[in-house]
Amino acid sequence: MTAILERRESTSLWGRFCNWITSTENRLYIGWFGVLMIPTLLTATSVFIIAFIAAPPVDIDGIREPVSGSLLYGNNILSGAIIPTSAAIGLHFYPIWEAASVDEWLYNGGPYELIVLHFLLSVACYMGREWELSFRLGMRPWIAVAYSAPVAAATAVFLIYPIGQGSFSDGMPLGISGIFNLMIVFQAEHNILMHPFHMLGVAGVFGGSLFSAMHGSLVTSSLIRETTENESANAGYRFGQEEETYNIVAAHGYFGRLIFQYASFNNSRSLHFFLAAWPVVGIWFTALGISTMAFNLNGFNFNQSVVDSQGRVINTWADIINRANLGMEVMHERNAHNFPLDLAAVEAPSTNG
């Protein structure tokens with residue numbers, strides 16, 4: 001008789017902690033990226049909620065005219081926002097300990113920089129966490145690649161654009177009205193609607209919505225019935241079953257007859273790759289467009305009106321867009337400068353008399 005004795009390996013506290021962090025058996029996977037994601041996301045969320053409710057007005061333009069953004073200072077859910085850090089701070093790193101007092105930090109919009117930097121770090125870690133979980137489960141990494149599109153867009157708006165413009169005060173205010181404010185100012189200063197990368201982004205977002213709706217409706221309409229006509233089609237399936245639940249050939253045939261034969265996919269993998277790639281590539285281009293316009297590589301402009309042989313202006317749609325842009329720029333930071341930069345940079349025309 002042979003007895004085999006095995007020595008029980010003692011696992012250190014650090015080893016047990018590492019196993020728990022990287023375990024795929026947890027209800028929610030943590031991962032090493034999650035170790036950084038959780039505190040940064042909680043910090044950004046907590047400060048956002050507190051500042052949205054109670055932050056005092058912020059001197060966004062650096063001209064001693066503070067702007068209110070919180071609920072307790074007269075705003076509602078629609079008009080409220082976290083006001084960006086003051087132009088007086090520019091791009092300086094502005095933690096609480098850099099200010100003479102907490103009141104000064106709040107007056108200069110310190111919470112905005114704190115929220116944005118923690119938020120960007122947390123969403124980047126969330127993307128890394130997606131890759132980490134995919135790796136440990138033996139999956140391919142494309143979920144994290146797809147998520148990189150909104151991460152790139154957020155980074156472009158909250159970090160690259162302020163860097164290009166020279167101040168965090170040019171960042172997007174964190175609120176519903178703040179989003180619209182950035183859109184209007186962006187159009188006025190960069191003519192974003194005439195930028196080809198923005199056009200690709202619009203095609204990606206709206207096209208992705210259209211394709212998702214088409215795909216979902218086709219799948220739902222071509223289920224393989226496992227029940228009688230008197231029972232719900234849903235009763236014939238169980239969650240996670242290996243058998244196909246819908247007939248892609250039927251869906252392909254329907255769509256091919258509805259438009260034309262080659263407008264539909266007969267391969268499920270090709271179809272789902274297309275559904276993922278279309279909006280992701282579009283949003284990548286939008287983020288790239290924001291990043292280039294941050295350094296004033298703007299959309300197409302038609303600042304010179306079309307004139308006839310007599311020198312008379314032929315009014316075009318471009319003239320209307322130009323006037324709208326100038327009007328929006330006049331209203332933006334109206335107390336910080338008297339004229340839009342486009343007008344202030346041009347010499348005054350000479351007049352006879």
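Here the Cβ of each residue, glycine as well, is placed from N, Cα and C on the backbone.
Copied from Swiss-Prot, the annotated features are:
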type	residues	note
MOD_RES	Thr2	phosphothreonine
MOD_RES	Thr2	N-acetylthreonine
TRANSMEM	29-46	transmembrane segment
BINDING	His118	chlorophyll a ChlzD1 binding site
TRANSMEM	118-133	transmembrane segment
BINDING	Tyr126	pheophytin a binding site
TRANSMEM	142-156	transmembrane segment
SITE	Tyr161	site 'Tyrosine radical intermediate'
BINDING	Asp170, Glu189, His332, Glu333, Asp342, Ala344	[CaMn4O5] cluster binding site
SITE	His190	site 'Stabilizes free radical intermediate'
TRANSMEM	197-218	transmembrane segment
BINDING	His198	chlorophyll a PD1 binding site
BINDING	His215, Ser264, Phe265	quinone binding site
BINDING	His215, His272	Fe cation binding site
TRANSMEM	274-288	transmembrane segment
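Shown in sequence order, Met293, Asn296, Asn298, Gly299 are the residues of the chain, 6+ apart in sequence, with a C-beta less than 8 angstroms from the C-beta of His190 (site 'Stabilizes free radical intermediate'). Below 8 A, the CB atoms of the transmembrane segment (197-218) and the transmembrane segment (274-288) form 3+ pairs separated by six or more positions in the chain. Other C-beta atoms found within 10 angstroms of the C-beta of Asp170 ([CaMn4O5] cluster binding site) number 21, with every protein chain shown included.
Cβ neighbour count for Tyr161 (site 'Tyrosine radical intermediate'): 22 (other Cβ atoms within 10 Å of its Cβ, all protein chains included). Same-chain residues at least 6 positions away in sequence with a Cβ under 8 Å from that of His215 (quinone binding site) are, in sequence order, Leu271, Leu275. Here the Cβ of His198 (chlorophyll a PD1 binding site) has 23 other Cβ atoms within 10 Å, regardless of which shown protein chain they belong to.
As a whole number, the greatest separation of Cα atoms within the quinone-binding residue list His215, Ser264, Phe265 is 10 Å.
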